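Chemist: Encoded as structure tokens, here's the structure I'll be asking about.
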Amino acid sequence: MENREHVDECVSTPCVHGTCADGVNSYSCICDPGWRGTDCTEDIDDCTPDPCDFGKCADTIGGYTCTCDAGWTGPNCHIDADECASNPCGHGTCANHVNSYSCTCPVGWQGDNCQIDLDECESSPCEHGSCSDSDNSYSCVCHPGYTGTNCDTDIDECTSSPCMHGTCADGVGQFTCVCEAGWSGVTCNADFDECESSPCAHGTCTDVFNGYTCVCEAGWDGTECNINIDECSSNPCQHGTCNDTVNGYSCSCEPGWTNDTCNQDINECATNPCQHGKCVDKVNGFTCECDGGWTGDTCNNDINECEFGPCVNGNCTNSDGGYFCVCEDGWTNNRTCNESVDDCGPSSCNHGTCRDLHNNYTCICDPGWTDLITYYEDVDCQCNTSVPVNSTDGEKNYTCTCAGGWNRTYCSLEIDECSSNPCQHGACTDYVARYICSCEEGWEGENCDQEIFNDCASDPCGLHGTCTDGISSYICTCEKGWTGINCEKGPPTYSFQLTMDNREFTDQLSDTTSETFISLAGEVSQTIWWYLNRTTVGPDIISVVITGFRPGSVIVEYDVRFRQNTSVTGGEVQEAFISVLSNNTGLGDALGIQVQSICMVANGSSTCVEPSSQQWQSWVTYTIVGCAAAVLLLVCCVFLALRTQRNKQWSWRLKKEYDQFDPYSRRSSMESRQRKVTNPLYEGQGTSTAYELQDAGLSDFEESGLTDLQDGGLTDNEDGGSTIFHSEGGSTELQDGGSTGFEDGGSTGFEDGVLTEFHELDLTEEEGSQDGVC
């Protein structure tokens, strides 16, 4: 029979939340409370069904917990919580409710918890007294003159007839007596005292029969002691202003003076204002005579003596009232570093005489000795000795390896660092272990090998900054309101315009360099600045700049510039200016600033509306042309009317004259038929001679007396000296006049379109004229 070993299925611990019981080829789990399932892995939900009556259930392992709603308690939230348990109604009865309570207050108490004592005095029951509150009641303490529960009854103080010689008038808590003549006093029981009215304003009154006398207090005068004596009349204040007081005076001293009469000079030196010097007192001031090393009004500024370079061979360090020098090697004297250190020690030259040099020394050897080779092992080379060489007869030769900048045995020969010509564009100056280059113009650097470039040559700071050149760099000092490395960030600026009707535009206002522009721009910018600084936008304003003037009364264009990072908008500036200008008069009225004309014209949000200048110019042009046409038409009408009347009057006279002559006779027979007639159109202004009108009916005028054609371009033609009328082919023209002709049988033409006036027209017959000539 095969021997099989039993396998324990519980070895793998299959029961997660329970105890394992092994079986034959199987196992079973006995689960812990709250767990179930084959391997005890399933949590039993103890909240199903929900055991919490008025709350929320939370499942736990093997149990549950209830979170109760407000007003409930108990393990399953089934008990109503008693809110009256804490006795919240202090002076009342509590009624419990679900999650709340209510209080029923007794008389005299109120409030949610009956905690407020009802104030019976709140209704002010005491009319003339003070109320004192108590539980469910009150009491009154009456003012003098009143009585009753509520102090509403006036006590009549006249009941006791207090006025002995007068009439009593009852008052509140008092009485007043109106005394009979000759009596006075509160109860009219005293003889009348004229001093009772206190007639002596600043004195003592003495009653006399039917009058009084005053004894004045010090400083007062007059019958009733009402005149203040002027103690300043004697001018007691020597260096100040006198202020009169009662029975005295006080002095307001001028600066620098003190004492009751301002006769004592104030010693401004008493406070020791000169911190490092001697004080000299003056009237209303002082001067300080400073100690060495100090300056300033109060000798409080230390003079930096190092700026004057006192340390010739060293570094200067400034101190309060002085300085000290840290000298370079080989130099001494802490004030100047101009004294060489004595480098000759007691054993500097073993076989010779020591001579001091700057930061070194040299030896003048005794006979038989030299500074290149010595024969004593204890020689002092002032530097490290090398391995001895050339040892002869027990005597050793030594050489010295010297510190930087020096050579030879005793380090007495200084190396010339300029021998290599290190200064490429400058002069070399040799120093101990160093050199200094003095560069030629246009070069810089330790070896004068860097060409100087003016970094400001390109004007990097623009129009709003000042450039300071550096080595391969520059610094911009910006104007107020401008920032940035190159002063490229300008202040926030808003542009506006306004109209002034108290100023007239002139050509000078178009020139920004003229005195007229500068003067008016300064006046206007100052006015705008004055107004804006009285508004909320004022603290952020840097400047107001007038950019131009234009005609239209005077239109002002201006910019308002603000500090960087300002939150002010252009609209706020416009509103602030309009508001302050509307509520203030003065400078704005002097300039005639029109409030309604203020508007913003920049930043793409213009609020200005202006008439078109082209439309305005067209209107003016049309007006001028229309007026000129009307005047010309009127002149023409007047002239035609006069000419028609003249022709009618002359026609009958000429006909009458022609009837006496042969209408076909020539000029040869015309001389015997000459006669004079009076011009009816110009009676009393001279006579005219009429000629017969040949063929075309034209007349010839010599000595015509045509005096003036104003504005027509003609001159006076008197005596016939400058004008001749010819007739050729029935037409007449004016020679030498150059501008007017009479054509086609008496019709008149006007060159330039103007014929203004005839003066003293004199028509005279010409003798000896040619045929057909007018």
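Each residue, glycine too, has its Cβ placed from N, Cα and C.
Look at TrEMBL and you will find 6-41, 43-78, 80-115, 117-152, 154-189, 191-226, 228-263, 265-300, 302-338, 340-382, 414-449, 452-488 tagged as domain 'EGF-like'. If you look up TrEMBL, you'll see Cys10-Cys20, Cys68-Cys77, Cys84-Cys94, Cys105-Cys114, Cys121-Cys131, Cys158-Cys168, Cys179-Cys188, Cys216-Cys225, Cys232-Cys242, Cys306-Cys316, Cys344-Cys354, Cys478-Cys487 (among others) marked as disulfide bond. The domain 'SWIM-type' annotation in TrEMBL covers 385-434. Annotation comment: TrEMBL describes 488-614 as domain 'SEA'. As annotated by TrEMBL, transmembrane segment applies to 619-642. The region 'Disordered' annotation in TrEMBL covers 704-754. Taken from TrEMBL, the feature compositional bias 'Gly residues' covers 738-748.
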Chemist: Please report the Cα separation of Cys131 (disulfide bond) and Cys158 (disulfide bond) in Å, rounded to an integer.
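Modeler: Between the Cα atoms of Cys131 (disulfide bond) and Cys158 (disulfide bond), the distance comes to 28 Å.
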Chemist: With Cβ-Cβ distances below 8 Å as the criterion, list the same-chain residues six or more beyond the ends of the domain 'EGF-like' (452-488) that contact it, or say none.
Modeler: 442-444, 542-543, 561-564
Chemist: Relative to the Cα of Cys306 (disulfide bond), which of the disulfide-bonded residues Cys10, Cys20, Cys94, Cys158, Cys168 has the closest Cα?
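Modeler: When the Cα distances are compared, Cys94 comes out closest.
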Chemist: Looking at the disulfide-bonded residues Cys216, Cys242, Cys478, whose Cα is closest in space to that of Cys84 (disulfide bond)?
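Modeler: Looking at Cα distances from Cys84 (disulfide bond), the smallest one goes to Cys478.
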Chemist: Let me spell it out: take the domain 'EGF-like' (265-300), skip the flanking residues so only those 6+ beyond its ends count, and list any with a Cβ under 8 Å from a Cβ in it.
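Modeler: Beyond its ends, the domain 'EGF-like' (265-300) has Cβ neighbours at 254-258, 320-323.
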Chemist: Among Cys344, Cys354, Cys478, these being the disulfide-bonded residues, pick the one whose CA is nearest to that of Cys10 (disulfide bond).
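Modeler: Closest candidate to Cys10 (disulfide bond), judged by Cα separation, is Cys478.
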Chemist: Based on DSSP, tally up the residues of the domain 'EGF-like' (43-78) by helix, strand and coil.
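Modeler: Once the DSSP states are binned, the domain 'EGF-like' (43-78) shows 0 helix, 15 strand, 21 coil.
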Chemist: Checking distant contacts: for the domain 'EGF-like' (302-338), what same-chain residues at least six beyond its ends satisfy Cβ-Cβ under 8 A?
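Modeler: Counting only partners 6 or more residues beyond its ends, the domain 'EGF-like' (302-338) has Cβ contacts under 8 Å with 276, 291-295, 358-360, 432.
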Chemist: Which of the disulfide-bonded residues Cys94, Cys121, Cys225, Cys344, Cys354 has its Cα closest in space to the Cα of Cys179 (disulfide bond)?
Modeler: Cys225
Chemist: Tell me the residue counts in helix, strand and coil for the domain 'EGF-like' (228-263), as DSSP assigns them.
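Modeler: Tallying H, G and I as helix, E and B as strand, the rest coil: 4 helix, 15 strand, 17 coil.
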Chemist: Name the one residue among Cys77, Cys105, Cys168, Cys487 whose Cα is closest in three-dimensional space to that of Cys216 (disulfide bond); these are the disulfide-bonded residues.
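Modeler: The answer is Cys168.
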Chemist: Summarise the domain 'EGF-like' (80-115) by DSSP state, stating how many residues are helix, strand and coil.
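Modeler: Counts, helix then strand then coil: 4 helix, 13 strand, 19 coil.
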Chemist: Whole-number Å only: compute the distance from the Cα of Cys158 (disulfide bond) to the Cα of Cys242 (disulfide bond).
Modeler: 57
